[in-house]
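**Q** According to Swiss-Prot:
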type	residues	note
DISULFID	30-65	disulfide bond
DISULFID	40-54	disulfide bond
DOMAIN	27-73	domain 'CHCH'
MOD_RES	2	N-acetylalanine
MOD_RES	62	N6-acetyllysine
MOTIF	30-40	motif 'Cx9C motif'
MOTIF	54-65	motif 'Cx10C motif'
């Protein structure tokens with residue numbers, strides 16, 4: 001168990017610098033990467049491609065976004081009331 005945690009800590013990567021979002025407030029960065037992940041996932045699924053290429057966006061938004069925001073956005077996408085264009 002402790003070895004698993006140590007391995008996760010060793011392999012953990014945070015979001016890299018993105019020059020589109022140079023300021024300290026990363027809210028827009030979080031939102032954009034959430035949208036980019038779901039757009040990429042939708043496009044790759046439609047093409048029959050490998051969705052794993054979208055994993056970078058997922059890792060970034062999981063690192064930046066609060067869990068409550070992500071769960072709310074996921075719920076709204078499921079209900080069809082999500083405000084973003086995916």
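Here the Cβ of each residue, glycine as well, is placed from N, Cα and C on the backbone.
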**Q** Tell me which of the recorded positions 2, 30, 40, 54 ends up closest to the residue listed as 'N6-acetyllysine' in space, Cα to Cα.
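**A** Closest candidate to the residue listed as 'N6-acetyllysine', judged by Cα separation, is 30.
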**Q** Just the number: how many Å between the Cα atoms of residue 54 (disulfide bond) and residue 30 (disulfide bond)?
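**A** A Cα-Cα distance of 15 Å.
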**Q** Return the residues near residue 40 (disulfide bond) by Cβ distance under 8 Å, restricted to its own chain and a separation of at least 6 in sequence.
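**A** Residue 40 (disulfide bond) has long-range Cβ partners 51, 53, 54, 57.
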**Q** With an 8 Å cut-off on Cβ-Cβ distance and a minimum sequence separation of at least 6, pull the same-chain contacts of residue 65 (disulfide bond), or say none.
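**A** Within the chain, residue 65 (disulfide bond) has Cβ neighbours under 8 Å at 30, 31, 33, 34.
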**Q** Let me check the 10 A CB neighbour count of residue 30 (disulfide bond). How many other CB atoms are there?
**A** 21
**Q** Quick one: DSSP breakdown of the domain 'CHCH' (27-73) into helix, strand and coil?
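**A** When I sort the residues of the domain 'CHCH' (27-73) into the three classes, I find 42 helix, 0 strand, 5 coil.
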**Q** Based on DSSP, name the secondary structure state of residue 2 (N-acetylalanine): helix, strand or coil.
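**A** Residue 2 (N-acetylalanine) sits in a helix per DSSP.
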**Q** Enter the number of other CB atoms within 10 angstroms of the CB of residue 2 (N-acetylalanine).
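**A** Residue 2 (N-acetylalanine) is surrounded by 6 other Cβ atoms within 10 Å.
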